[in-house]
Amino acid sequence: MGMPPLLFCWVSFVLPLFVAAGNCTDVYMHHEMISEGQPFPFNCTYPPVTNGAVNLTWHRTPSKSPISINRHVRIHQDQSWILFLPLALEDSGIYQCVIKDAHSCYRIAINLTVFRKHWCDSSNEESSINSSDEYQQWLPIGKSGSLTCHLYFPESCVLDSIKWYKGCEEIKVSKKFCPTGTKLLVNNIDVEDSGSYACSARLTHLGRIFTVRNYIAVNTKEVGSGGRIPNITYPKNNSIEVQLGSTLIVDCNITDTKENTNLRCWRVNNTLVDDYYNDFKRIQEGIETNLSLRNHILYTVNITFLEVKMEDYGHPFTCHAAVSAAYIILKRPAPDFRAYLIGGLMAFLLLAVSILYIYNTFKVDIVLWYRSTFHTAQAPDDEKLYDAYVLYPKYPRESQGHDVDTLVLKILPEVLEKQCGYKLFIFGRDEFPGQAVASVIDENIKLCRRLMVLVAPETSSFSFLKNLTEEQIAVYNALVQDGMKVILIELERVKDYSTMPESIQYIRQKHGAIQWDGDFTEQAQCAKTKFWKKVRYHMPPRRYPASPPVQLLGHTPRIPG
């Protein structure tokens, strides 16, 4: 009598109920008889609805409390599986899996019977029970064949160290037997090779170790001419990595004799694929093809997954050819670390570009905020007396020099000295009477941290620099030898610097310029306006407290007389 595969949830539709019970539809009840002490899994899937967008819970009737999802608990839910690590006699009972989606609810039940079975104790009364972990397999007399150890567990369980037994004795590699993992190859089969076999495997789950056993009742069978057992060359009980939602076609290649009329097909849960997915045809068997060779025929029958869904993973799809069978198990691909790496680098690059853009756009405000938040009142130890040396054009009388004087001698000190706390040396205001121009520039510029130069389009306004070589040398020394930072302010937009002194051209080329907007209103005399923010940005960090607020200066434009 054929036995259902070990630990495999969709073995057969044992008891189709399809009776509405409350708000859920009972799909079927499956009967399992397992010996105590065994790890036991059961996978709950119902292809019409378990498409990844469902809520799935296990509970033991009559309790409505869900089975724990804590993987350290002996009985727990692992995704769609219920896992017993291991089974105990008191676990006998009915367990229900409830599958809900947005529009429907289904129940699948297992009637679990746990009994005591002693390993290699044939005298025990219960040892003759046909349990779910006992299989019946056939071997062909006079040929070579193989036995299969069926092990289906969730991915959280690691299986290794598979051993084979005949009776109670472990099978070692010999001319007769060749254990190869889940397969036991048997050569020169005769009647004496029938009997009781078993396979055991070590199961590791979260560091805990268990032993899984399958019991196999083997019968031998005479096969004459035309009765050769088909050989499935692919699949080989292997796994296939496939993306969720993709299309997949898998060929089953079978070699068989020309006289054999064996049925070749794909099954899932011991049901023909086309019958199992009759309503949706998402997974279907293809048309069989064959190729005649000298001594045999190569048959190919494929299975097509139009769309791979979550319930397909970890679920065996088996190709059958008479007594031969081989399965595939679909697995989700391992994470593509290259994609994560490229994505991470792209995100980092985007972040870096964004930070650079934000900094370049708001760097003036960022720097000024940082200075105001983390400022220090301690004077720098650089032996400098002034924060900036102000050099501006001298206009002849009866000219527009009144506006320049107002900016330099009134507004500039008002904003930078009184509001911001800087100390300025203004050429034309702070030198001692009778000092030579070259001496003033050369001596005092060395006591300043910045050089602030104001320029206007009129080249004649800089005649004091253009015609006096010593003054140009003093400014040039400050720029080149002392490495002083320069703030160049255009009183009006200067389109052509070619007529300017070489020192001014050098400053413009190396440091750029800030353009004064010509606004003399009281609002423009605030340190928080755009122009003054740019000036403060180029100034050194403020070292002195600002003066108390004073009334801002008004400006009366000069009326030509």
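Backbone N, Cα and C atoms are what each Cβ position is placed from, and that goes for glycine too.
Note that this is a predicted model, so its numbers are computed, not measured.
Per Swiss-Prot, the annotated N-linked glycosylation site among residues Asn43, Asn467 corresponds to Asn43. Checking Cys252, Cys420 against Swiss-Prot, the residue bonded to Cys319 by a disulphide is Cys252.
Within the set Cys149, Cys157, Cys265, the cysteine that Swiss-Prot bonds to Cys199 via a disulfide is Cys149. The disulfide bond recorded by Swiss-Prot for Cys44 joins it to Cys97 [selected from Cys24, Cys97].
When the domain 'Ig-like C2-type 1' (22-113) is classified with DSSP, helix, strand and coil residues number 3 helix, 48 strand, 41 coil. Of the recorded residues, Asn23 (N-linked glycosylation site) and Asn43 (N-linked glycosylation site) place their C-alpha atoms 23 Å from one another. Considering only the recorded positions Asn111, Asn231, Cys252, Asn269, no residue lies within 10 A of Cys44 (disulfide bond) on a C-alpha to C-alpha basis. Put simply, Asn269 (N-linked glycosylation site) is 21 Å from Asn253 (N-linked glycosylation site) when counted between their Cα atoms. When secondary structure is read from DSSP and collapsed to three states, Asn269 (N-linked glycosylation site) falls in the coil class.
DSSP gives Asn237 (N-linked glycosylation site) a coil state; it is part of no helix or strand. A straight line from the CA of Asn231 (N-linked glycosylation site) to the CA of Cys252 (disulfide bond) spans 11 Å. Comparing the Cα of Asn111 (N-linked glycosylation site) with the Cα of every entry in Cys97, Cys252, Asn290, these being the recorded positions, the smallest distance points to Cys97.
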